[in-house]
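Features of the protein shown, as given by TrEMBL:
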BINDING   CYS39, CYS47  [4Fe-4S] cluster 1 binding site
BINDING   CYS48, CYS51, CYS56, CYS71  [4Fe-4S] cluster 2 binding site
BINDING   HIS258, CYS294, CYS332, CYS449, CYS479, CYS520  [Ni-4Fe-4S] cluster binding site
Amino acid sequence: MENCGCITCDAATKELYEKAKNEGIETVWDRARAMQPQCGFGEMGLCCTNCGMGPCRIVKVSKDGPQAGICGATEDTIVARNFARSVAAGAAAHSDHGRDIALALYHVDDKARIKDEEKLFKLADEWGITVEGKDTVQVAKEVAEKALGEFGKVFGNLLFLKRAPEKRIKLWEETGVASEAIDKEIVRVLHSTHMGCDADYRNIIRQAIRAAMTDGWGGSMIGTELSDILFGTPMPKKVEANLGVLKKEYVNIVVHGHEPTLSEAIVVAARDPELVELAKKQGAEGINVAGMCCTGNEIAMRHGIPMAGNFFQQELAIMTGAVEAMIVDVQCIMPSLATITKCYHTKLITTSPKAKIPGATHIEFDEQKSFEIAKRIVKEAVMNFKNRKGEVHIPDEKSEGRIGYSLEAIIKTLDRVTNTHAHPSGTVKPLVDAIKSGVLRGAVAIVGCNNHKQPHDSCHVTLAKELLKRDILVVTTGCGAHACVKAGLMSDDARKYCGKGLATVCELLDIPPVLHMGSCVDISRILVLLSEVAKYIGGDISDLPVAAAAPEWMSEKAQAIGLYAVASGVYVLLGVAPAVTGSENVATYLTKDIESVFGGRFEIESDPVKAAEKIAAHIENKRKRLGI
Ligand code: CUV
Ligand code: SF4
C-alpha cells in the first residue's frame, strides 16, 4: 500500500466506497467535499462564541477587519481558549469512560467476574489499601472507590502522577501542572475560559495541560487498569482484521464505540448456546461478532475478536448488507449511521444514555444486568437475519496479525531474553540494552483517528513503514492500530520492512515490528512504559529517544492526548494542524517554546515521509544527548 493520493490506501474501503457511489449513498468523504471550502476562521481558531455578544471573529488577512472581539479578547486569547476547551472535552470523554469502568468494578459482587486478581492486589498496594483479612470482592470495591475519588476528591494531586519518574513529578510541581481531581481540572478550564476570565494565553494553556493530565495520568489510566482487572490484562494473540472478517452465512454483529463493559457482555452473550441455536433456526450458521474502532481494539486485545475496521469504515460496514446489528456506546460514532441503516436491514442500536441517535433503536445498557441486556441485544440481531435485502457484498480483504501487547505482555516477552542471560526478570533491561547498543534507534507511538484531510490509513501505514526501515520500533493504539494490522504490519512477514537491527530484535523476541498496545485510553500503558524505561536509566521521559505521532487525528480526545504527551516530555507530531494557527504566539508556544519548559513539543507535518525524517532526526538528537 503506497500513498497513492486517493481517498484511502485500504482495498476493502476502496471497494465499498465505489459501491456507495454507485448506489448514491452518501459517506463521510462526500460530506467532506460538500463542506469545502471550510470556514477559515474556525480553521484558525479565530471564532469565539463564548458569550451572547458574539459570535466574534478576528480578521487576519487585512488590518481593516476586527482585530479583537467585542469584549476586547485578542487572537491569542480566543485561540488559546478554543484550544483549551477542546482539550477539556477530550479529557472529559476519556475520563468519564474511566469513571464508568470504575463504577462497573464497584458493583462487582462475584469474585469470578474479576479476571486479573493479581493486578487488583498490586493496585490496592500501590494506593495504600490494606488487603489483609479482606476478600477479593471487598478489595475490588475499595479500589473502585479510591478510583472514583480521583474524580472529585477535595484535596491532593492525582494518585497516578506518582508513576512518573521523580524528575518529571518535580517539574510538574514547579510548573504548576500537577493536576488535582479530574472533574475539578476540567471544570476549571470551562470556568477560566468563560467570558471575561483568563486572557493570558500561556496561563490558559497551563490550565489546559492540567486538564489534559487528568486524561492520560487520570481517567484513561483508571480506564485501562480497571478494565484489565475486570476483563483481563491483554496477552499476545492472533487476530484477523478488515471488513473481510464479516461472514456471509452468519449473523454479523458489529460492536462500535469505546467502553469494554458493553462489548464484553455482547461477546459472552453471542456464545450463549440458546442464541446460537436460535440463529441456526433463522437459517444462519452461527453468530459472528466483530469490533470497530476502540471497542474493536478492546475485545480484540482480550479475546481475539476480529477487528472489522476503523473510524472511516463504520459507514461502509453497513453497506456490506451483511451486518444484522451495529451496537454502539459512546464516542466516534457517526450520526450518519442512522441514515445509512435506512437503506439496509441493519439495526443501529444505541446503548448509552450519553449517546442516543435519532433513528436508532435504544436499548439501555445497565452494568448490573449486563448479561440479560446483552442477550436481548444479540437476539435483536439474530431475529434480523431474515430481513437482509439485496445482495450481500463483503470485500475479500482481511489480514492477520499478532496483537495484545500490554505492558505486562511486553515485560513477559522481554523476560525471554533476560532469562537466557541470567539477568533479573521483570524489567525493561533488554529493551534499554537494544536501544543503548543502537540495534534499535528508538521507539515511536503512532496513534489516533482517520481524517478526510489525509488519505485514509495511508499516513499511518506510510509513517510506520518509514520508521521501521530506520530501525525504530513502532507501538500503536486506536485507529492507527487498525490501520497497521490491516496493512499486515503486525505479522511476522512485516519484518521485511525493517532495518537489520529491528528485524533481528523482532526475531529474537518473536514479536511483530508494530506492537498493538490497545485503545486510545491505553495510551496510558505507553506512559507507564516510558516511565519505567526512564526510571531504569535514572533519567526523565524527555531524555528518551522516542516520539509520538497522530498523522490522521480528528477528535478532541486526540488533542488532550497530544497535550498530556507534550507535558510528559514527548515530541508529538500531528499530521493535521490543530485550530491554533490564528495566533502566532499560541502556535509558536506549542511548537517551540513549550519544549524549554516540558522537554516535549508539537510538530505539524502532513507528509508522512517528511514526518518520519523529522521524527528520526529528533530521535538521533536525543541519542546524541544521551551519549549513545
Ligand atoms: Ni478512541 S478517537 S477515531 S476510535 S482513534 Fe479512532 Fe479510537 Fe480516534 Fe475515535
Ligand atoms: Fe466576542 Fe468576547 Fe463574547 Fe468571545 S467572549 S463572543 S470575543 S465578546
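Backbone N, Cα and C atoms are what each Cβ position is placed from, and that goes for glycine too.
Note: TrEMBL annotation is automatic and uncurated.
This view paints the features noted in TrEMBL onto the structure.
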residue: CYS39; record: [4Fe-4S] cluster 1 binding site; DSSP (3 states): coil
residue: CYS47; record: [4Fe-4S] cluster 1 binding site; DSSP (3 states): strand
residue: CYS56; record: [4Fe-4S] cluster 2 binding site; DSSP (3 states): strand
residue: CYS71; record: [4Fe-4S] cluster 2 binding site; DSSP (3 states): coil
residue: CYS294; record: [Ni-4Fe-4S] cluster binding site; DSSP (3 states): helix
residue: CYS332; record: [Ni-4Fe-4S] cluster binding site; DSSP (3 states): coil
residue: CYS449; record: [Ni-4Fe-4S] cluster binding site; DSSP (3 states): coil
residue: CYS479; record: [Ni-4Fe-4S] cluster binding site; DSSP (3 states): helix
residue: CYS520; record: [Ni-4Fe-4S] cluster binding site; DSSP (3 states): coil
Largest tally of Cβ atoms lying within 10 Å of a Cβ, found at which of the binding-site residues CYS39, CYS56, CYS332, CYS479: CYS479
Binding-site residues compared (CYS47, CYS51, CYS71, CYS520) - highest count of Cβ atoms within 10 Å: CYS520
Number of other Cβ atoms within 10 Å of the Cβ of CYS449 ([Ni-4Fe-4S] cluster binding site) across all protein chains: 25
For the binding-site residues CYS48, CYS294, the one whose C-beta sees the most other C-beta atoms within 10 angstroms: CYS294
Environment of CYS48, CYS51, CYS56, CYS71, the listed [4Fe-4S] cluster 2 site - residues of the same chain whose CB lies within 8 A of the CB centroid: THR49, ASN50, MET53, GLY54, PRO55, GLY69, ILE70, ALA73, ILE78, MET195
Contacting binding-site residues for ligand 1, chosen from CYS71, CYS294, CYS449, CYS479, CYS520 when the Cβ sits under 6 angstroms of any of its atoms: CYS294, CYS449, CYS479, CYS520
Contacting binding-site residues, sequence order - CYS51, CYS71, CYS294, CYS332, CYS520 vs ligand 2, Cβ under 6 Å: CYS51, CYS71
For the [Ni-4Fe-4S] cluster site built from HIS258, CYS294, CYS332, CYS449, CYS479, CYS520, further residues of that chain with CB within 8 A of the site's CB center: CYS293, ASN297, ASN310, PHE311, GLN331, GLY478, SER519, SER555, LYS557
Other CB atoms, at most 10 A from the CB of HIS258 ([Ni-4Fe-4S] cluster binding site): 30
Distance, CYS56 ([4Fe-4S] cluster 2 binding site) to CYS520 ([Ni-4Fe-4S] cluster binding site) (CA atoms, angstrom): 34
Inter-residue Cα distance where the pair is CYS39 ([4Fe-4S] cluster 1 binding site) and CYS56 ([4Fe-4S] cluster 2 binding site), in Å: 14
Cα-to-Cα gap, CYS51 ([4Fe-4S] cluster 2 binding site) vs CYS39 ([4Fe-4S] cluster 1 binding site), nearest whole Å: 20
Top Cα neighbour of CYS479 ([Ni-4Fe-4S] cluster binding site) in the set of binding-site residues CYS39, CYS47, CYS48, CYS71: CYS39
Cα separation, CYS39 ([4Fe-4S] cluster 1 binding site) to CYS449 ([Ni-4Fe-4S] cluster binding site) (Å, whole number): 22
Shortest C-alpha distance to CYS332 ([Ni-4Fe-4S] cluster binding site) - which of the binding-site residues CYS39, CYS48, CYS71: CYS39
